[in-house]
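**Student:** The following feature annotations were taken from TrEMBL:
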| type | residues | note |
| --- | --- | --- |
| COMPBIAS | 133-147 | compositional bias 'Low complexity' |
| COMPBIAS | 154-165 | compositional bias 'Low complexity' |
| DOMAIN | 27-125 | domain 'DUF7707' |
| REGION | 133-165 | region 'Disordered' |
| SIGNAL | 1-19 | signal peptide |
């Protein structure tokens, strides 16, 4: 019995550690981003959401003041925008990378660390319309280019959304926070089993 408890505790701890290492938690203080740049990011987010939803969107908001965004297609699907370029999460990641590089001038090891710790976690998929069927989701091959903008207004809403973000911490990071609790519980069970 004791071996089963230890096995379960260690399994939970391993799962928690794996969840934490697979979810990036790159954050950039919103105030550190120029307001004009935040507006451009929201326009890119808005345009990318439309592309991902095949121009059929039910919710598409981005607040340049907070960089909170939402994207829900008319089909009810909320695309994993953090996987795509030209989205707020992608642009925050790129900004964090650029800031890291700037903070490590003439430091190749520091810049290499910026590459592995930040850049490698940035999205790599170009925006493309997603097609959802009953069996799977597949992306088409049409790609989008960033839109040139100048003082473009972006729709905003105070209503709750299907996908939201206040920073680069993608909605999937909930598993990492859950993992902390699981890790603590697993450690407690493991300690109790040793008594």
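Just so you know, glycine gets a Cβ as well, placed from its N, Cα and C.
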**Student:** Looking only at the domain 'DUF7707' (27-125), report the model's average pLDDT.
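**Tutor:** Reported value for the domain 'DUF7707' (27-125) is a mean pLDDT of 95.
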**Student:** Going by DSSP assignments with H, G and I as helix and E and B as strand, what are the residue counts for the domain 'DUF7707' (27-125)?
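**Tutor:** Summed by class, the stretch gives 52 helix, 15 strand, 32 coil.
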